[in-house]
Amino acid sequence: MAGAGATYLFGVYSKDIKATLGYDQSTLNLMSTFKDLGANVGVLSGLLAEVTPTWFVLLVGAVMNFAGYFMIWCAVTKKIPTPQVWHMCAYICIGANSQNFANTGSLVTCVKNFPESRGIMLGLMKGFVGLSGALFTQLYYAIYGNDSKSLILLIGWLPAAISLVFVYNIRIMKISRHPNEHKVFHEYLTISVILALLLMGLTIAQKKVTFPRIGYVLSAVVVCVMLFSPLAIAIREEYYTWRHRKQITTPTSIIVEATPPTETVSKSEIEPECTETEIVMKNQEDSCCTNICKRPKRGQDYTILQALTSADMLLLFVATFCGLGCSLTAVDNLGQIGESLGYPQLTISTFVSLLSIWNYFGRVFAGFVSEKILLKYKVPRPSIMAFALLLSAVGDLLIAFPWPGSVYPASLVLGFSYGAQLTLLFTIVSELFGLKYYSTLFNCSQLASPLGSYVLNVRVVGKLYDREALKQLAAKGLTRSMVKELTCMGKQCYRLSFLILAAANFCAFFVTLILVARTRKYYRGDIYKRFRDEMEANEKEMALKQAQEIQEVKK
């Protein structure tokens with residue numbers, strides 16, 4: 001997941017594409033929209049995951065990632081003839097779409113393996129995606145130096161290599177309780193917070209002080225060690241589980257723990273208690289596209305069409321169109337915003353890294369904190385999403401009315417709210433529509449995001465930016481044909497467009513409040529009961545097998 005967020009680095013290398021290929025801002029924003037389209041239209045990966053094993057989904061994603069970004073790198077470095085605009089849009093769409101295969105393969109698998117901790121799991125997993133921008137920045141400084149064109153090549157080969165290395169490790173396991181589950185998740189959280197603070201410290205230090213090449217290399221080594229340190233916890237827990245199972249199955253422990261000879265563990269004594277769970281599971285064996293009109297209760301397994309045609313999904317679609325559409329637009333234009341306000345390139349890279357880090361904090365907050373608020377106070381999770389949308393509107397206003405250094409807090413607020421929205425969207429979909437077709441539904445839920453990005457980024461922000469730039473050219477007595485790159489400088493370049501984005505976020509806020517009102521009763525109940533029942537059924541089945549083994553040993 002830490003290698004599946006390269007799309008957030010578009011603001012760093014977009015200026016190279018614009019300068020090398022002679023694009024104006026509208027054309028660059030069109031390419032950015034195709035990036036967002038690829039990054040958010042994950043229906044293909046979702047449907048593929050329904051019929052193929054996880055390793056195949058990850059393998060397809062690795063091939064697409066390398067192919068898309070390698071072609072962009074070849075175009076920017078002039079290793080191939082200058083492609084047409086639609087070629088570049090296709091390349092970045094394919095490369096960005098690959099992250100959906102990593103998301104589907106990793107995230108969906110973990111949510112199904114830990115259904116009772118899905119909020120925590122989603123926050124943690126998506127949090128590492130949020131850190132990927134800052135992680136890639138450290139690695140490309142260490143490997144290539146301050147060469148943003150080579151960053152495109154790094155984005156091409158590194159995520160593909162990660163997927164290939166871990167392709168067999170990620171798989172769906174049979175649901176069962178682990179005694180240290182929450183403790184392990186909080187240990188992972190601690191490590192990831194330390195990693196995020198380390199990245200933020202390095203980012204600020206590298207802005208203040210010019211690091212030598214060896215300094216960048218050492219920084220990257222420390223970051224990689226921190227990134228892989230959760231592996232030690234995983235090994236510890238695997239050893240604990242192996243030792244526990246070994247104690248249960250050894251002859252000595254069997255004699256001590258076995259039931260008295262007069263008592264016989266009967267299969268019928270265990271099975272009756274599982275009947276209710278089995279009936280529920282049998283009733284859910286519907287086709288993915290049946291019973292559109294007869295929808296189940298919230299929290300049960302919806303079919304794909306039942307979910308897509310429900311009022312709850314429509315409200316999520318509108319909120320995502322406005323909210324995530326605005327956030328993607330802000331993220332994609334951050335590089336040009338910094339340029340228009342006169343910031344140097346190194347500072348612009350700092351904005352992108354800070355946005356990536358606070359994107360992480362937003363995802364983790366939305367996962368861990370919203371889970372605790374939900375379980376303790378029964379606060380509907382959509383209400384926390386409404387709060388994130390208000391924050392996004394504040395970030396838009398900071399861009400619309402800038403002052404010296406205001407892009408720093410704006411990047412923090414926008415990154416935090418964007419990360420929180422993503423985690424909350426995926427969690428809400430799993431809670432309202434079930435997990436049976438989650439790999440498809442969570443990808444469908446974000447379809448509104450690239451649509452919103454296209455309308456707001458290309459048709460609004462791009463057009464208004466170019467209009468201001470043409471005004472400045474006319475004031476200098478120049479025309480568009482006289483300059484290769486269309487650039488706008490000053491506070492007015494993004495003022496009107498980001499006021500429109502702030503208004504769109506307020507609209508998303510009010511739509512989300514409607515969803516809060518509709519789901520309040522559902523969130524007051526026990527939304528994880530069916531998954532606890534399933535775990536208990538699995539544990540009883542394991543107990544039955546162990547009891548049968550004990551009886552065989554005694555015989």
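Indices start at 1 and increase along the chain as displayed.
Using the three backbone atoms N, Cα and C, a Cβ is placed for every residue, glycine included.
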Given ranges 1-19, 343-361, the stretch to which TrEMBL attaches the annotation transmembrane segment: 343-361
Same-chain residues near the transmembrane segment (55-76), Cβ under 8 Å, at least 6 residues beyond its ends: 6, 13, 16-17, 20-21, 38, 45, 48-49, 82-83, 87-88, 91-102, 104-106, 149-150, 152-153, 155-157, 159-161, 163-164, 166-168, 170-171
Best-contacting stretch, by C-beta pairs under 8 Å, relative to the transmembrane segment (343-361) and drawn from 122-144, 184-204, 216-235, 304-331, 496-517: 122-144
